[in-house]
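First comes the structure, then the notes that go with it.
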Amino acid sequence: MIISAASDYRAAAQRILPPFLFHYMDGGAYSEYTLRRNVEDLSEVALRQRILKNMSDLSLETTLFNEKLSMPVALGPVGLCGMYARRGEVQAAKAADAHGIPFTLSTVSVCPIEEVAPAIKRPMWFQLYVLRDRGFMRNALERAKAAGCSTLVFTVDMPTPGARYRDAHSGMSGPNAAMRRYLQAVTHPQWAWDVGLNGRPHDLGNISAYLGKPTGLEDYIGWLANNFDPSISWKDLEWIRDFWDGPMVIKGILDPEDARDAVRFGADGIVVSNHGGRQLDGVLSSARALPAIADAVKGDIAILADSGIRNGLDVVRMIALGADTVLLGRAFLYALATAGQAGVANLLNLIEKEMKVAMTLTGAKSISEITQDSLVQVLGKELPAALAPMAKGNAA
């Protein structure tokens, strides 16, 4: 099979993975309107082509939280990576490390902090959910600090799980789910051998270490469902800010006022995100939400963005809309499921090449030169010829 884009990895992953895993990764909340808009809205962002500029010294390097990145991309937190490839978190982290970008370990990873951190040279990032069990949160933070994690990504858009219709149909949940998953596994031999048999243990490593006993997929579904905390507020985050002495990023911002609250709280960064369309269907795509948020807090806090990014062109679009760096989710997971570390490494190379093409043809020699001036049209609205700063109304 010829691999030239993330879409090729998606097609390959669908053949390799049991349906319950593919659709858990690929699906979104409710009718998946926001999931689709994340991708479609980015595709409507038209760039301004410029020609006859000397682009021989083009550079993708950037700095974030005093870390040098080879390009403004990080691998975002994705749960259960180790169910998509053998010890998947370790493989993805190694690919990111080799490319000179951060890897973010999810709270609900298969491989625990202590397995992933020693496998790479640069400090990894760690993602934490808002959970009722504050003992687990403190334990996870202590272990992340001990392992040398540099940045905490605190996910706040999951006070309750989203309703994901695909999960019930695919076997992740619903009637006879365990039996359906077993039957799917035995009919997908490549996955069954590589991950099902040789990728064990299939624990939720970070949670198992805390509970002192093995955990599995049923524990993942049940433990998380019982531990999400809808009562959380900014005040509840103060002890985390006091405890964590490194950069702290608030993930799940879609409104400018919430972004301003993050600045007032003292966060070092935000992630403009709708959780990949997996939480509340019908909310703004990240591409639509980003310009107004950037207008409100750009320069006061680092702005990261995710949801809908599939290639290097999308990275350039997000930066032009106001992001400093982007997080990849599904795109790298498709590659991981298809070819492990090598797949993720190849995807990152593709994204880098695509970024270089986009920057060359828009006349941006550096990441700092990718601005709103790089845009001609945003979400169906043509910008003035002078390309004046985008009006706030354009973001809605």
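Glycine is no exception: its Cβ is also placed from the backbone N, Cα and C atoms.
Going through ARG48, ARG50, ARG164, ARG310 against Swiss-Prot, the one listed in the substrate site together with TYR24, TYR129, ARG278 turns out to be ARG164.
Looking at the domain 'FMN hydroxy acid dehydrogenase' (1-380) alone, the prediction's average pLDDT is 95. When the binding-site residues SER106, ASP306, ASP314, GLY322, VAL326 are compared by Cα distance to ARG278 (substrate binding site), the shortest distance belongs to ASP306. Taking the C-alpha positions, the distance from TYR129 (substrate binding site) to ARG310 (FMN binding site) comes to 25 Å.
Between the C-alpha atoms of VAL326 (FMN binding site) and HIS275 (active site, proton acceptor), the distance comes to 13 Å. Proximity note: of the listed binding-site residues (TYR24, SER106, ARG164, ASP306, ARG310, MET318), ASP306 have a CA within 10 Å of the CA of HIS275 (active site, proton acceptor), given in sequence order.
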